[in-house]
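Asks: Feature annotation from Swiss-Prot assigns S-adenosyl-L-methionine binding site to GLY69, PHE74, VAL119, GLN120, ARG134; the stated evidence is sequence analysis.
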Amino acid sequence: MIFKDYDFLQNYDLKNFGEKVKIYKELLSKFNRIHNLTHLKNIDENIFDSIKILDFYDFSKAKNIADIGSGAGFPAVFLAFLLQSNFHLFEPNPKKTAFLRTLKIECELSNLHIYKEKVQEYKNTFKADIITSRALMDIKPLLEICTNLKDENTVFILWKGSEIYQELENIKDYEIFENNLRKYCIVK
């Protein structure tokens, strides 16, 4: 994938990003052979899906970003490749956590912090400016399990599909941006 062709990425270090993406793909391939971390067929599409939010939302003021149910790193890892924010990834699966920790070392990501626990079990030491999650669970239960990480200024950015509108019942302050079948939902 040629990232320099996208206008919304023009202000980022795409050479460094490309190098880290290459490391990511090699490491994922190696881990997937043993641990079956993900069934994704088109990694490039999923990487693009992870960073497309930068076209819709300004992350520049976010100091701490929490990602819930990080799995194989979509979307948080690719945002961490581009942004200076501290990323806190919550993933209880030991195999996925091992992958993320290895990736952190291989890519020299000092802004990546990985927690092998469910977010609701975390004894917080920070409040997140942004909380991200990609298709983990419905919105309302997600908001509830993140109580210990959020305050009145926390913004949720959620990668969702076509069922999003049913999930937004009783949620008042939100925006939705669309790219193909993906719905990026920002809940304030």
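Just so you know, glycine gets a Cβ as well, placed from its N, Cα and C.
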Asks: List every residue in the same chain as VAL119 (S-adenosyl-L-methionine binding site), at least 6 positions away in sequence, whose Cβ is under 8 Å from its Cβ.
Replies: ALA66, ILE68, PHE90, ILE145, CYS146, ASN148, LEU149
Asks: Using a 10 Å cut-off, grab the number of neighbouring Cβ atoms around the Cβ of GLY69 (S-adenosyl-L-methionine binding site), all chains included.
Replies: 20
Asks: Residues with Cβ closer than 8 Å to the Cβ of GLN120 (S-adenosyl-L-methionine binding site), same chain and 6+ apart in sequence?
Replies: ILE145, CYS146, THR147, ASN148
